[in-house]
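Engineer: The structure is given below, and queries will be raised subsequently.
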Amino acid sequence: MGRLLVVLRLVVADVRRRPGQAAMLLVSITAATAMLSLGGSLHGATEKLYQQTRAATAGPDVAAYSPGTDPTTITALKSLERAPEVVAHSGPHRQYYTSLTAHGSTGAAVVQVAGAVPGPVDRPLVTSGGWVRPGGAVVERGFATAMDVHVGDRVTIAGRSFPVTGIAVTAARSVYPWALGIGPNGGPSDGGGLVWLTEPDTRALESPDVEATSFIYLKLRDPGAAEAFARRVPAIAPAFEDTWMNVRAWQLVADQDATMLKGSRPILVIGSWLLSFLATGGVATLAAGRAAEQTRRVGLLKAVGATPGLIAAVLLAEYLALALLADALGLVIARLITPAIANPSASLITAATGPSGDTIVLTTAVALAVAGLTTLGPTVRALRTDTVTALADAAHRPQHRAHLTRISALLPTPLLLGLRLIARRPGRAVLHACNTAATMTTVTGLLVIYAQPLKGYPGSPMANDLRDASQHHVILAVTAALIVLAAINTITVTWTTAQEARHTMAVARTLGATPGQITAGLSAAQLLPTLPGALAGIPMGLVLCLPFAGSGTVWPPAWALFAAALAALPVTAALTAVPARLAARDPIAKTLNAEAT
């Protein structure tokens with residue numbers, strides 16, 4: 001217990017002494033675990049929301065649609081009630097194909113005739129306002145969200161104005177904009193939203209110019225057999241053998257709802273691994289930057305009699321504790337965000353849904369691996385250093401190569417200093433280039449997605465627009481997270497390099513280098529690996545897009561890709577300017593005196 005308390009106190013003291021570094025580590029791992037958790041949570045997330053909505057609204061197991069409202073169609077639909085598998089039904093009902101106008105915008109709509117009290121099958125859940133009443137309309141929530149309609153607003157349906165008395169959700173139909181179930185005359189539809197009106201209010205829609213469809217909702221004894229029942233409907237109701245009919249099992253509705261996330265999940269999964277890589281690079285930079293200080297701390301702990309196990313616990317505990325905290329924050333963020341991403345149309349009940357047990361184990365393992373593996377090397381090297389050497393913390397004599405010295409003498413001072421810093425830490429330059437490549441990979445994917453023309457989803461261009469918007473929002477969020485994390489890493493690398501090279505830079509200033517040249521040299525150390533990293537990110541991004549590309553994929557022009565890569569240079573220069581300038585302003589005498597003592 002005493003050793004645990006010692007470790008805890010040392011960790012807390014270290015975090016208080018360097019809150020900025022702790023915050024960088026926390027942000028890096030939180031972003032990676034949140035994105036990884038989101039990618040894992042989306043698998044089956046829409047189906048869970050659909051099942052919750054279906055249970056809350058007594059959703060049907062099967063819905064059968066047939067064009068027309070003639071007695072023959074109604075009789076054929078009613079014959080399905082007598083099937084031995086059916087235990088309850090609602091309808092036959094009618095729906096009319098028209099349009100809804102609100103706030104100057106018009107959208108395709110299907111108007112369903114609704115009673116004052118819903119039947120035993122399909123009982124829409126009112127999420128705002130109340131149920132239908134004469135002279136009032138209830139709008140499905142996904143449609144209301146798309147049209148920016150709220151309770152109390154007035155909408156125009158087929159030329160008549162109605163107040164919106166309620167907003168509701170239902171599992172009887174697919175999410176907006178697939179609410180129609182079947183198109184006019186049994187053909188394909190262009191998508192649309194659902195509106196409920198009372199029977200008297202729909203009488204004005206009964207005209208030759210307005211197409212109508214009849215439908216019935218069925219509840220089966222075995223919901224799992226809904227697809228098999230749907231295939232048997234022509235045999236159960238022979239009248240449908242010569243009539244167009246659309247029979248939809250609840251499994252088909254759930255599958256169609258999930259198509260909204262068809263492109264979002266792979267974006268999140270790939271983005272999470274890229275973020276994990278950036279987080280690893282950031283933590284490795286922090287650990288390497290503190291290597292000298294950690295070596296001295298090891299010497300002090302050894303001098304007072306600490307065991308190797310206790311010393312290792314002290315060095316690793318801070319990183320592992322922050323990794324676990326970041327993992328917890330990432331999981332919480334994923335749990336809060338997942339319902340919104342899994343329900344982009346807002347047509348389902350937004351209930352709590354989040355990471356599964358497997359996802360939690362995976363994200364925790366990744367967080368601990370990022371923190372542990374990147375700090376293990378510096379920790380082992382510090383433990384292997386003997387006490388006297390660790391306390392002395394002597395500087396290492398650099399290797400001088402005469403031919404390199406003659407060549408470098410011809411370079412401008414900022415470039416010479418930048419190359420000198422890269423030569424001292426070549427691994428860090430490679431790491432910075434890899435960070436830039438990972439960010440440019442996602443930017444390339446973003447350009448590829450935005451280069452695609454808007455194609456009409458079969459029979460439903462509105463659905464395609466909504467799904468494309470969802471994918472665009474997801475990849476924009478992933479790209480923004482990667483850019484922010486890459487920016488943090490760039491600032492961290494610049495500051496760490498400046499602190500490690502402060503004695504070298506002080507000597508350079510005594511030999512005539514100006515603070516401006518020192519600042520430019522520190523920036524050059526990051527700019528030189530930025531360009532190859534950005535250029536390497538272009539083919540990497542294109543390769544990642546290949547598995548999702550088809551024969552009609554449109555690739556962005558080369559100039560756009562190279563322009564994005566070259567834009568990394570001024571961005572890196574701006575990010576490195578402030579920490580480099582601050583480091584260059586340290587007094588020469590103070591720096592050299594600190595080294596002497």
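Every residue, even glycine, has its Cβ placed from backbone N, Cα and C.
All annotation found in TrEMBL is predicted automatically rather than curated by experts.
According to TrEMBL, the feature transmembrane segment maps to 20-42, 267-289, 309-334, 429-452, 472-495, 531-552, 558-578. Taken from TrEMBL, the feature domain 'MacB-like periplasmic core' covers 26-235. As annotated by TrEMBL, domain 'ABC3 transporter permease C-terminal' applies to 271-385, 478-585.
For the listed features, I'd like the structural context: burial, neighbours, distances.
Structural biologist: When Cβ-Cβ distances below 8 Å are used as the criterion, the transmembrane segment (20-42) is approached by residues 261, 264-265, 268-269, 271-273, 275-276, 278-279, 282-283, 286, 290, 318-319, 322-323, 325-327, 329-331, 333-335, 337-338, 341-342, 353-356, 358-360, 362-363, 366-367, 370-371, 478, 481, 484-485, 488-489, 492 of the same chain, each at least six residues removed from its ends.
Sequence-distant neighbours of the transmembrane segment (267-289) (same chain, 6+ residues past either end, Cβ-Cβ under 8 Å): 21, 24-25, 28-29, 31-32, 35-40, 42, 319, 366, 370-371, 373-375, 377-378, 425, 428, 431-432, 434-435, 438-439, 441-442, 445, 471, 474-475, 478-479, 481-482, 485-486, 488-489, 492-493, 495-496, 499-500, 544.
Distant neighbours of the transmembrane segment (472-495): 24, 27-28, 31, 35, 263-264, 267-268, 271, 274-275, 278-279, 281-282, 285-286, 289, 341, 344, 428, 431-432, 435-436, 438-439, 442-443, 445-446, 449-450, 522-523, 525-526, 571-572, 575-576, 578-580, 583; these residues of the same chain sit at least 6 beyond its ends, with a Cβ under 8 Å from one of its Cβ atoms.
Cβ atoms under 8 Å from those of the transmembrane segment (531-552) belong to residues 263, 266, 270, 432-445, 448, 455, 561-562, 564-566, 568-569 of the same chain, restricted to positions at least 6 beyond its ends.
Sequence-distant contacts of the transmembrane segment (558-578), counting only residues of its own chain at least 6 positions beyond either end whose CB sits under 8 Å from a CB of the stretch, comprise 436, 439-440, 443-444, 447, 487, 490-491, 494, 519, 522-523, 526-527, 530-531, 533-535, 537-538.
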Engineer: What are the DSSP helix, strand and coil residue counts for the domain 'ABC3 transporter permease C-terminal' (478-585)?
Structural biologist: 93 helix, 0 strand, 15 coil
